Amino acid sequence: MGSQALQILRQGVWASLTGGWYVDPHQSTFSNCFHLYLWIFLLAFPFLLYMALPPSLVVAGVYSAVVAVFFTAIKVVNYRLHTMFDLGEIVEKKHASLTAEAPKTEDGDEGKKIHVGVEMTVFRKVNSTPPVRCSSQHSLFGLNHVSVRITIFSSCMPSSFFSLHQFYNYICSKILLNIDFSAVTRNRRVGENVFAVVLACLVAFLGFLLLLQDFFRDIWVFQFCLVIASCQYSLLKSVQPDAASPMHGHNWIIVYSRPVYFCLCCVMIWIFDLSGRSGSLQPFSLYGVTFFSAHFLLCVRDMLIVFALCFPVIFLFGLLPQVNTFVMCLLEQIDMHIFGGTATTSPLSSLFSLIRSVLVAALLYGFCLGAINAPWGDAHVPVLFSVFCGLLLALCYHLSRQSSDPTILWSVILFFRLSIKDPLPEKLRNSVKEILHSDLVMCPLMAVITFAISASTVFIALQPALSFVLYILAGVVGFITHYLLPQLRKQLPWFCLAHPVLRSREYSQFEVRDAAQLMWFEKLYAWLQCVEKYFIYPAVVLNSLTTEARTVGNHLNLSLFISVAGMKLLRSSFCAPSQQYVTLCFTTLFFQFDYPHFSETFLIDYYFMSILFSKMWDLLYKLRFVLTYIAPWQITWGSAFHAFAQPFAVPHSAVLFVQAIFSAIFSTPLNPVLGSAVFVTSYTRPVKFWERDYNTKRVDHSNTRLATQLDRNPGADDNNLNSIFYEHLTRSLQHSLCGDLLLGRWGNYTTGDCFILASDYLNALVHIVEIGNGLVTFQLRGLEFRGTYCQQREVEAITEGVEEDEGCCCCEPGHLPHMLSFNAAFGQRWLAWEVAATKYVLEGYSISDNNAASMLQVFDLRKILITYYVKSIIYYVSRSSKMDEWLTNETIQEALRPCLGSNYVDSDPTFNLNIDEDYDHRASGITASSFCMVYLDWIQYCNSRRQTPVTCERDSPLVNLCFGLCILGRRALGTASHSMSASLEPFLYGLHALFKGDFRITSPRDEWVFADMDLLNRVVAPGVRMSLKLHQDHFTSPDEYEDPMVLYDAITANEEKMLISHEGDPVWRSAILANMPSLLALRHIMDDGSDEYKIIMLNKRFLSFRVIKVNRECVRGLWAGQQQELVFLRNRNPERGSIQNAKQALRNMINSSCDQPIGYPIYVSPLTTSYAGGHNQLRSVWGGPVSPHNIYSWLISSWDRYMKGCGAGCNSGGNIEDSDCGGGSTSISTNPAVHTTQSTPASSLPQPHITTVQPFMALLSQSEGRMEAGLLTTLQRTSSIQGLFGQQLSSSQLSFSSSVAPPSLPGSERFCPASFLENSGHRAGQRAGSGLHYESHFSKWSFSGRKGFNGPTAVEVEGGTVQTVRTQVRRLLVC
């Protein structure tokens, strides 16, 4: 412990203060001294130049030139030496692969406990996580490291390399004074070396330039020179790992952090000083604070100077992230808080989103500036301003519906996948296309409507009453939508009630068997959101813009601000309306009633309050997390340090509050140190949090070598095999998450929220990264099935109910009906999580695992398995399309001919009387007669089920082939068992080997199978797998499979509806992701010394999850704390206190979900986007997208319905057939398939093709082909209108359009007029008697209720039917 603390102080604390220098005990004294002298040179050289020489730019140039030459020499020598000799890592990998046992001896017991401390194991890997003293690999001196590496693999190098190596050692020892340039930060590319030299020169020039400006005096000059030296030295030997490094080992990006931040700080100091002294910027006042005045700018400059002097302390605590993270956070915060954008997923997406917002703001600024400068009247609005309002609303609506990831839109443009991170790129692309097509219609429509409303001067004429009406309406609707309804739907409303008031239909069900039902309050919630987003808040923003635009533009000269404020407010209301009503109500009450003299117009007030409230919400969540975590009545000390730190945290509460404010302003996590009650501020992070794009890579047969699969498959562990269920869960969430959020099934949600989905065996953390208008980007992190003790305790905490708690302080007086007790209500308020839903339904797989050892323990059960094995082989032989080819193959028949002999006996030791039902104990083996005695009936039955049965006698080729294959299959099972004993373990080992396809043909008598490998692949291999399924079914119905027909049908059904495969086969993953109904596998578990075989059975069904909403600042703080503890503080303890269970914060589950090797999740999904358009229930509420195709389909179907209704109305007594064909000459002429004349003979009339749309169109067509073409067109139109309104029609309403036409008559009666009339009359009588009716979307038609049949109905008299039909035909011809 003491050596580790000393190592942290030396390599962590001291190295962070100096920029990377420390005394390395693994290097020589000379090397450490040279390091020291080099660092002193970088410190003293600028200090002496400043003190000794007069201040001038010439001195700064000389200083920069010396630094450039010095760094260039070091980098060139370092680059050349590494180019010549740096082959260690490649050869080490090869060496490690040749000596695979070496890591096992090094790791010892630590490598066995992978699930307890995965990060500890990864510490030992050379290519992923170097050892703790990894920084010594990048120091400037210390030849021993490269020498040792080269010595290790010297046996692999040629003799010419040895002479070069010896010469290099001689030069290094005699000429370069044992200088090891391998310790320099290894910039492997020329560009990196050039960039490092340029940065060193910039640090020297900009730093000395500030010294020349006399910004520093006395001791602060030396302090600033110390900062310069640390920034330059970090380019030679950086702090590894740094306090802000997100990864173990050498981080090449963190090398440039100090010099880049130093250059930015110096440039900003120089700019603010120049601006403050020149006074060129025009100051303005906002809320009593004057911005950009000379005093303001000089104050900012002084703050930056102090910030620069504090660089060593800042980098010691890791308050500044690495450069790419800083750029991403800066761009994301600007886009979110200034322009109202959404969270981003990468530095590229943050840059893309900001550029997109800036371009839209620039476009709107032109229209806004022209409108502001136009003449404004008291009762009218300039037309240009109305145009600006229309464009503003349309563009903001479009931006809110687009993801921040540009690769998704780019893939749609190019029609192929570039680098989409989504697991379903095709569905993603179709959803984006649907959104673009809808926006193509909606954006112009919204622009026109907004233009018309703005030009109507309604916002001016109805003032001031309209403003207050809109504010009150927004507050009331927001309160009902985002507070009242979610509280009533919670599991514990207001933490007082014991049950939700508004319950789903699945709430009282013990086991969910169907998809979640759409409830009335979910529809209400969705419609209230729709009204709020698309009507209320746009009206509020447009009202404010119209009434205050001229005031803001003229008095403040901030025309650009109008565009930016309108963008931010509208985009925020479209994407995240859940918190807008609080901001709006506070803005109205505070600036309209409490302090109206502070108001800077409602537009400015609302804009800045929206930014302030986003930070206030973060502060509230941070304070809740801190108070919950350190509450004294629920302290969970995980180590002795926690008990020591708890009392010391009490006096620092004020500092903690200041840190919380600071972290809320800069969006930084507030993390507990080593999991204790002491909190520190970490560096700023984006909403995505993790800098790396870590995704789980599943190990299966497609990415492992064959030898590895046959020996000991590394992907055979439980975690790797179970990760597929989380991948399937991710895809299920992609289909339904966005729609379920919009229906309120997860309660209120905002960007960055974290939820835990808990089921019987699935426990996953869902991190919502981006929320748009109709889209949600999330990431799922799946935890272990068999978690640690701490994880199980926390899972119990989130799954157990508190309704039965009757405690009140120290007694148990009980509680009121349907209410919580005092203790339960108090305890629920002191948790960092809450239950959002208890019955959230998702489509998934129920997993059942049975121990194979218990199912095959006795010989009788093994005999049943072997019997089913043989019968399955016979089944697959008879079902194979190549059976005839095998029966005629000379090679196969020649090899099997000895089996036809009457004295043939296969006496292989594999066969056993205890497990082989056809074993002949008199012959001590298996004979053809004993085989036929047991299995001949089954062979004959399987042969009878073939389309073309073959001869199937005792001496037939088919029986002989089945006998040979069954002998081969059982001998392969014995060979794979590697033992002739009758024990269970070898039997299970062999069964698992055959199940995964490891067939080893060792007997010469079985080599005939190589004549066609399909005999193994399509007969024996599936036979093994099917026998396991039949053996499973045997326990439920032991005697059912005695009937050959039942057994045959069962195997056929299993073939069609079930996949039986090894879990390492890629087809297993494909089948799960394709939603196969049932799957079965045999799993070999080798974990913690256990060696078990389990039969895994999967059945697709609807699963019920508990949705737990976790305080997002709790998650971010614990994640940041784990990263700091494992990366910077190097805590290797697998049972460290920071991962012990803490039920109030779910500490173990959250820390386990970190990226590996910090955490140990078994699955981390890529960033996945869910779109609302794929949710069928939400479509039924809101309807489908308004796209050009859907509008065209709706118009065509409406025209058809209009013509049908017109035809029925124009003909008195007309029936449905009349209306279907149009009813009049107009409809006939417009239908290209209907152009019959009166001279058409009756015999030429084709047999009518009765359909539900045009039953009598055939009466008026001249050819059957034209009639079918007309029907096809009409049916296509009918299907298109069903696609538009199908979600709004019930099943009974759609039954009319989906009815099936009756079959046509035989050819002799097809063109017979008499038969046509008789059959028509018969069909008309059937319709009249059945009373079939139809309800369309616009009208109702009923056969029995219509008066289209003049006189008596068609069923009254036999002759009346024919007469009625003739009347109808005559009426059609006359029309």
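The backbone N, Cα and C atoms fix where each Cβ goes, glycine too.
What TrEMBL records for this protein:
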COMPBIAS  1226-1248  compositional bias 'Polar residues'
DOMAIN    953-1176  domain 'Pecanex C-terminal'
REGION    1220-1248  region 'Disordered'
TRANSMEM  36-53  transmembrane segment
TRANSMEM  59-77  transmembrane segment
TRANSMEM  194-213  transmembrane segment
TRANSMEM  219-239  transmembrane segment
TRANSMEM  251-272  transmembrane segment
TRANSMEM  284-300  transmembrane segment
TRANSMEM  307-331  transmembrane segment
TRANSMEM  351-372  transmembrane segment
TRANSMEM  379-397  transmembrane segment
TRANSMEM  440-462  transmembrane segment
TRANSMEM  468-485  transmembrane segment
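For the transmembrane segment (251-272), the list of distant contacts is 19, 185, 187, 192, 195-196, 199-200, 202-203, 206-207, 209-210, 213, 215, 227-228, 230-232, 234-235, 238-242, 244-245, 297-298, 300-301, 304-305, 307-308, 311, 315, 320-324: same-chain residues at least six beyond its ends, Cβ to Cβ under 8 Å. Counting C-beta pairs under 8 angstroms (sequence separation of 6 or more), the transmembrane segment (219-239) reaches the transmembrane segment (36-53) with 3 or more such pairs. In the predicted model, the domain 'Pecanex C-terminal' (953-1176) has a mean pLDDT of 90.
Recorded stretches compared: 36-53, 284-300, 351-372, 379-397, 440-462; the one with the most Cβ pairs under 8 Å to the transmembrane segment (194-213) is 36-53. The stretch in 36-53, 284-300, 351-372, 440-462 that contributes the largest number of Cβ pairs under 8 Å to the transmembrane segment (379-397) is 440-462.
For the transmembrane segment (468-485), the residues of the chain that approach it from at least six positions outside its boundaries are 502, 521, 524-525, 528-529, 531-532, 536-537, 539-540, 543, 577-582, 584-585, 588, 744, 748, judged by C-beta separation under 8 angstroms.
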